[in-house]
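For reference, Swiss-Prot has these:
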- 85-114: disulfide bond (DISULFID)
- 117-187: disulfide bond (DISULFID)
- 122-128: disulfide bond (DISULFID)
- 82-192: domain 'Expansin-like EG45' (DOMAIN)
- 205-287: domain 'Expansin-like CBD' (DOMAIN)
- 51: N-linked glycosylation site (CARBOHYD)
- 1-27: signal peptide (SIGNAL)
């Protein structure tokens with residue numbers, strides 16, 4: 001009987017020790033989850049974009065894919081300061097500098113295409129320069145003309161005008177639907193590292209962050225978070241370029257946080273302790289890293 005009791009006590013001690021050292025103890029302990037707060041930043045309602053008339057012609061250039069193009073917003077504007085990627089007013093500021101586009105579903109990819117860069121050029125209108133303009137996907141064009149072909153760029157007035165000959169930007173914007181050529185290119189944010197903007201709805205039990213300015217692929221396939229003293233745990237794409245993570249233990253998350261990014265092509269980059277222990281909602285934290 002004494003040996004049996006000793007064996008039972010030894011097993012209990014081993015189980016207790018394993019729970020103490022397991023990463024599950026950080027924030028994934030199986031207990032009743034704390035209700036997740038409703039984030040303050042909601043995905044905007046995506047409406048059809050209406051600055052187009054007419055029908056596209058068809059021209060295909062070797063090495064490039066064909067797409068349609070229109071523009072939305074002000075003629076010299078940034079398209080939208082909301083958008084289905086969550087970049088908000090950043091689209092009109094450096095390094096985006098209004099050179100953006102809303103992508104059709106094949107480009108937006110349910111939000112996974114946010115941040116991807118493309119060269120777009122036109123040759124089918126007298127106002128076209130034939131020189132490509134580089135745009136970043138920052139919004140979704142969900143229906144209407146955006147579903148007419150395999151791909152469609154609803155560009156800001158600024159990026160549409162960038163494809164025009166000098167002095168002919170207004171004429172090009174007035175052309176209606178353009179048939180363009182496009183190709184995926186690496187994003188290049190010279191002198192800018194990846195930034196992490198903490199959502200206003202984040203709190204000690206719930207963390208959500210907008211990730212922007214990734215060189216290379218520009219878009220992300222996966223994001224993992226590591227709490228202080230813990231292991232990596234996958235985050236969940238909330239919408240657009242926002243990723244979320246919440247405690248399932250009823251205990252506050254333990255900052256500082258490190259974030260591990262996996263790009264569309266599988267390249268991995270780690271921003272160690274990029275979110276400090278004293279982090280606050282609504283604040284942007286700039287990392288010291290970017291894809292080379």
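We number each residue from 1, going along the chain as drawn.
Backbone N, Cα and C atoms are what each Cβ position is placed from, and that goes for glycine too.
As a summary of secondary structure, the domain 'Expansin-like EG45' (82-192) carries 26 helix, 34 strand, 51 coil according to DSSP. DSSP states for the domain 'Expansin-like CBD' (205-287), grouped as helix (H, G, I), strand (E, B) and coil, give 0 helix, 45 strand, 38 coil. Considering only the disulfide-bonded residues 85, 114, 187, residue 122 (disulfide bond) has 187 as its nearest partner by CA-CA distance. Taking a C-beta cut-off of under 8 Å and a sequence gap of six or more, residue 187 (disulfide bond) has these contacts in its own chain: 115, 116, 117, 136, 214, 215, 216, 217, 218. Residue 114 (disulfide bond) sits 27 Å from residue 128 (disulfide bond), taking the CA atoms of both as reference points. Between the disulfide-bonded residues 114, 117, 122, 128, 114 has the most other Cβ atoms inside 10 Å of its own Cβ, all protein chains included. Counting only residues at least six positions away in the same chain, the Cβ atoms of 111, 114, 115, 137, 138, 139, 140, 240, 241 sit under 8 Å from the Cβ of residue 85 (disulfide bond).
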